[in-house]
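Chemist: Quick one: the structure is below, questions incoming.
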Amino acid sequence: MAGLAPEGSQFDARQYDAKMTELLGTEQEEFFTSYDEVYDSFDAMGLQENLLRGIYAYGFEKPSAIQQRGIVPFCKGLDVIQQAQSGTGKTATFCSGVLQQLDYSLVECQALVLAPTRELAQQIEKVMRALGDYLGVKVHACVGGTSVREDQRILQSGVHVVVGTPGRVFDMLRRQSLRPDHIKMFVLDEADEMLSRGFKDQIYDIFQLLPPKIQVGVFSATMPPEALEITRKFMNKPVRILVKRDDVTLEGIKQFYVNVDKEEWKLETLCDLYETLAITQSVIFVNTRRKVDWLTDKMRSRDHTVSATHGDMDQNTRDIIMREFRSGSSRVLITTDLLARGIDVQQVSLVINYDLPTQPENYLHRIGRSGRFGRKGVAINFVTKDDERMLSDIQKFYNVVIEELPANVADLL
């Protein structure tokens with residue numbers, strides 16, 4: 001394997017930019033409409049009183065940049081494509097737009113939200129329920145790994161919103177347990193992941209079963225050209241709220257790399273870091289499930305308290321581990337990219353990429369765990385000789401400079 005560039009490192013920033021320019025260039029401008037109004041407060045958005053109560057009770061005081069621009073066009077029933085960094089309140093943007101438009105006297109599914117992982121779907125369900133607390137909203141998450149019969153029972157009893165993963169949602173539509181007749185809003189969250197090869201066909205299949213007149217919202221942290229191309233098939237004159245790629249760096253997150261010439265040296269480097277730093281909570285990313293188990297065993301054998309989660313574990317175990325991590329009873333979490341999307345862990349101050357991601361776009365989702373909503377955070381990347389190309393690709397992709405880890409790293413945490 002030595003000398004081989006990691007999978008995904010053939011990323012070509014120039015080609016990406018050319019493709020984006022082609023899609024978003026002036027000759028394509030008629031595909032999009034623009035919406036220039038910015039609302040500095042939630043009160044100014046014309047939202048229902050009980051929705052505002054839910055927003056303030058959830059802890060929002062002032063809308064984030066994406067919320068200032070994105071909530072109102074969605075509330076007006078416009079198709080929207082919105083791009084914003086992880087941790088900027090993207091989920092609350094579309095949840096508010098959905099909750100504002102529901103007819104609460106009609107207990108039928110009126111909004112369908114799709115997410116790539118069950119963890120993210122459950123996270124969205126929680127936010128939707130919390131923001132809609134004073135509206136009496138009925139939300140249900142349809143995700144794999146749970147009882148089909150229970151899903152059917154809840155859907156039969158009536159809900160306003162279904163959040164789910166494509167496989168289970170399509171299954172419920174096919175069984176006619178989820179009736180599409182009243183669905184008027186269709187949201188794709190983390191569209192870059194959803195529209196990647198794995199889910200593309202299922203999303204098309206679901207879309208075919210929905211009413212022809214439907215509002216579509218596409219939300220994502222990164223917006224690769226393929227995602228934009230596919231939205232053309234679904235959307236009608238969408239309002240585009242895009243952050244240029246240069247701006248999609250996570251403000252407040254200091255990013256460093258450590259040279260670890262060989263793979264075998266990473267473990268020593270990691271243990272050294274944990275012995276010298278006072279870390280409140282941290283997430284360590286590796287690229288395979290097997291490596292999660294291996295690294296967890298190695299860290300525990302050196303008396304470091306760590307927990308781990310990956311896709312081979314049953315859902316119940318993953319839920320318990322995530323609960324412990326959220327509550328702070330476990331402080332170090334080792335995981336794969338499964339967790340990199342949408343898990344809202346507020347106290348994370350440090351993210352370590354033990355392995356660099358295999359695709360530049362996943363870097364943003366990973367380091368977005370730290371510094372959410374402007375909290376400061378540190379991301380440290382372990383870089384072997386074989387990783388140098390990928391590190392360079394990431395820096396080009398986000399237009400950032402990732403510096404070598406300084407000796408005084410303890411002062412940054």
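Even glycines carry a Cβ here, placed using N, Cα and C.
Because the structure is a prediction, the values reported are computed rather than measured.
Pulled these features from Swiss-Prot for this protein:
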- Ala84, Gln85, Ser86, Gly87, Thr88, Gly89, Lys90, Thr91: ATP binding site (BINDING)
- 71-241: domain 'Helicase ATP-binding' (DOMAIN)
- 252-413: domain 'Helicase C-terminal' (DOMAIN)
- 40-68: motif 'Q motif' (MOTIF)
- 189-192: motif 'DEAD box' (MOTIF)
Chemist: Relative to the Cβ position of Thr91 (ATP binding site), how many further Cβ atoms are located within 10 Å?
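Modeler: I get 23 for this one.
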Chemist: On the 0 to 100 scale, where does the mean pLDDT of the domain 'Helicase ATP-binding' (71-241) fall?
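Modeler: Averaged over the domain 'Helicase ATP-binding' (71-241), the predicted model reaches a pLDDT of 90.
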Chemist: Around the Cβ of Lys90 (ATP binding site), how many other Cβ atoms lie within 10 Å? Please give the count over every shown protein chain.
Modeler: 23
Chemist: For Ala84 (ATP binding site), list the number of other Cβ atoms lying within 10 Å of its Cβ atom.
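Modeler: Within a 10 Å radius of the Cβ of Ala84 (ATP binding site) lie 23 other Cβ atoms.
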Chemist: Using DSSP, break the motif 'DEAD box' (189-192) down into helix, strand and coil residues and give each count.
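Modeler: Helix, strand, coil within the motif 'DEAD box' (189-192): 2 helix, 1 strand, 1 coil.
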Chemist: Need the DSSP three-state call for Lys90 (ATP binding site) to compare against my parser.
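Modeler: SS state of Lys90 (ATP binding site) = helix.
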Chemist: State the count of C-beta atoms found within 10 angstroms of the C-beta of Gly89 (ATP binding site), not counting that atom itself.
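Modeler: Here the count is 22.
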